[in-house]
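Features reported for this protein in Swiss-Prot:
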REGION    1-71  region 'Essential for oligomerization'
BINDING   Y30, F33, N66, K67, R70, R99, S105, R106, R185, T195  RNA binding site
SITE      W125  site 'Important for dimerization'
Amino acid sequence: MDNYQELAIQFAAQAVDRNEIEQWVREFAYQGFDARRVIELLKQYGGADWEKDAKKMIVLALTRGNKPRRMMMKMSKEGKATVEALINKYKLKEGNPSRDELTLSRVAAALAGRTCQALVVLSEWLPVTGTTMDGLSPAYPRHMMHPSFAGMVDPSLPGDYLRAILDAHSLYLLQFSRVINPNLRGRTKEEVAATFTQPMNAAVNSNFISHEKRREFLKAFGLVDSNGKPSAAVMAAAQAYKTAA
């Protein structure tokens, strides 16, 4: 009979081959959202106009969603022409395509700094409006009103501060998830949170933007002070999430 304990010990004693492991990491790499690749594709397809086009795509993502063909059905003639041009120029897809394809949501997430700034202007055109959020927590921070905000969160903040920011952001995600997914409307807070916690944490812990730059963004947004302490509005939203149903 095999001695499985001994086999496990012998296996652990084998030398670690760094090159072999790195090769496997490349082979098994997640073929989904990659902010660097998104920006690379934007520049490749858009040339000198990529930044202006990206701004348009962010507005579309925030106000109309991730399905450009469907949104064109109810849009002005000028708007349809603009969206059609973007679809053709950037080969925009819907759903969850390969790593080397663009969607409106991916553009908004990759350029989260710009997306969060646009939210201040567009908050009343979102699926869950700023007015609605103010009803849940006074002066709810507009910069937090999109899933891409998680990419701006500095994970090196002190634990209590980090938790408060994530809870405040989760207050929006809770409402947003129930609006865009009817199947979640009768679910508990914990059940709904289970659908957005993993992608939120993945964005927080990504290495695309440094901790220092993220902290600068949070300060510029008025969400934390020079010590990383959350603002009163953030703390109020965090408390509202804790007591939300």
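Just so you know, the numbers here start at 1 and follow the chain as drawn.
A Cβ is built for glycine as well, from the same backbone N, Cα and C atoms used for every other residue.
Over the region 'Essential for oligomerization' (1-71), the average per-residue pLDDT in this prediction is 81.
W125 (site 'Important for dimerization') and N66 (RNA binding site) are 15 Å apart (CA-CA, integer value).
Non-local neighbourhood of W125 (site 'Important for dimerization'): L62, T63, each in the same chain, at least six residues away, with C-beta under 8 Å from its C-beta.
Listed in sequence order, the residues of the same chain lying 6 or more apart from R185 (RNA binding site) and placing their CB within less than 8 Å of its CB are R178. For R70 (RNA binding site), no same-chain residue lying six or more positions away in sequence has a CB closer than 8 A to its CB.
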